[in-house]
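Feature list (source: Swiss-Prot):
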type	residues	note
BINDING	165-172, 190-194, 212-215, 282-285, 316-318	GTP binding site
BINDING	Ser172, Thr192	Mg(2+) binding site
DOMAIN	1-158	domain 'Obg'
DOMAIN	159-335	domain 'OBG-type G'
DOMAIN	353-431	domain 'OCT'
REGION	125-145	region 'Disordered'
Amino acid sequence: MFVDQVKINVKAGNGGNGMVAFRREKFVPNGGPAGGDGGRGGNVVFVVDEGLRTLMDFRYQRKFKAKSGGNGAIKSMTGRGAEDTIIKVPQGTTIMDAETDQVIGDLVAPDDSVIVAHGGRGGRGNIHFASPKNPAPEIAENGEPGEEREIRLELKVLADVGLVGFPSVGKSTLLSTVTSAKPKIAEYHFTTLVPNLGMVRLPDGRDFVMADLPGLIEGAANGVGLGFQFLRHVERTRVILHLIDMSGLEGRTPYDDFEKINQELQTYDPDILKRPQIVVANKMDMPDSAENLAQFKEDLKQDTLLAQTPEIFAVSALTHDGLTPLLQRTADMLAETPQFPVKQPEVATTAEYNFQPEAEFTLNQDADGTWILGGDKLVKLFKMTDVNHEESLLRFARQMRGMGVDDSLREHGAKNGDLVKIDDFTFEYMA
């Protein structure tokens with residue numbers, strides 16, 4: 001099964017916890033703190049595997065979690081850093097943040113890799129909190145939480161040449177004739193349901209990858225037929241071979257086919273029409289094809305969608321007539337055409353500053369009167385607080401006070417004994 005789009009969840013490893021420990025050695029009185037730091041959590045890394053062809057494996061595993069770092073130890077020993085979690089994807093995979101659609105990475109080269117979620121840093125041991133006022137602190141940090149995010153993977157086949165056209169115009173027949181690929185061929189529309197790839201090898205030693213893309217119909221960019229689910233694969237191609245059935249047996253005129261397919265490509269992404277395009281006038285072995293081709297050349301003069309009039313090659317994929325000059329010209333055109341970069345989502349280039357600091361925490365009250373504290377910064381500070389040591393809790397209380405949490409609770413009417421909740425931790429408010 002060919003799978004080219006999937007949504008998954010990734011979670012990097014948490015940092016290891018710092019340790020509260022003291023140096024206990026013979027003849028060393030008052031040895032002082034000796035708790036080590038936690039190790040860094042593992043990253044989640046995507047790498048290219050040239051042996052993969054689809055994203056099918058992700059249908060069965062949608063959550064990936066890296067290991068956490070090791071905890072700090074006595075004698076100021078740092079915990080072991082966790083190994084990265086490596087996720088293999090096919091060449092040509094684009095990785096995007098599912099929430100913002102921001103491109104995280106575009107893995108097109110065999111050795112490409114990208115970190116999609118960073119592991120948390122290790123928490124500090126009590127050796128970092130010693131001071132003249134508190135030479136033996138019982139304070140240590142928990143590890144920083146690792147990043148977690150929803151990401152979307154899109155596979156865009158890496159082909160130099162893309163075959164586009166209405167269903168049953170002969171794309172699969174052409175691919176099977178000029179390559180060793182064996183796509184399904186039958187006398188009905190939408191025989192091809194997934195992209196098929198083949199390698200074209202010319203006698204002069206040149207070669208290129210050709211992709212047979214499922215047939216488009218009018219309205220495909222808006223979801224009609226197979227919709228635009230395979231139009232994304234055209235984005236990777238450098239040259240487009242636009243196959244047109246010159247026989248007219250489908251009841252459509254060749255120029256109408258040409259115009260409608262290009263309109264669909266323009267609706268999906270206007271930049272696709274900037275790619276070199278060759279018109280492949282197929283089925284020239286049929287009775288009325290020569291007459292239809294002559295009319296098509298006349299009609300083509302009125303085309304306004306393409307920047308320049310495309311070259312036309314009359315062929316018969318069935319009898320192999322005309323294929324050699326078509327492939328030679330395609331190879332020449334590839335040599336003249338650079339790679340097209342992945343299209344990034346448009347973002348604002350001008351930032352507006354209103355000089356209002358971002359809120360460090362949020363405060364709400366639920367139905368039973370419990371005060372709920374939230375906010376990324378505050379929750380992160382709490383998760384890095386070792387609640388098993390009183391001094392760590394007192395330090396967290398000072399941090400909240402410095403952020404203005406106490407003042408905010410008081411202003412909102414909190415009273416002594418009210419319950420306050422942060423994440424999964426509940427305590428009583430003391431004014």
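Placement of Cβ uses the backbone N, Cα and C atoms for every residue, glycine included.
Computed from a predicted structure; not experimentally measured.
Mapped onto this structure are the features recorded in Swiss-Prot.
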| residue | record | DSSP class |
| --- | --- | --- |
| Gly165 | GTP binding site | coil |
| Lys171 | GTP binding site | helix |
| Pro214 | GTP binding site | coil |
| Lys283 | GTP binding site | coil |
| Ser316 | GTP binding site | strand |
Chain residues outside the region 'Disordered' (125-145) and at least six past its termini with a C-beta under 8 angstroms from it: 14-22, 30, 32-38, 41, 68-69, 72, 76, 380, 383-386, 389-392, 395
PLDDT averaged over the residues of the domain 'OBG-type G' (159-335): 82
Subset of binding-site residues (Gly165, Pro214, Lys283, Ser316) lying within 10 A of Ser172 (Mg(2+) binding site), CA to CA, in sequence order: Pro214
The domain 'OCT' (353-431) - residue tally per DSSP class, helix then strand then coil: 29 helix, 17 strand, 33 coil
Lowest local Cβ density among Lys171, Lys283, which the record lists as binding-site residues, within 10 Å: Lys283
Packing count at Ser168 (GTP binding site) (other Cβ atoms within 10 Å of its Cβ): 21
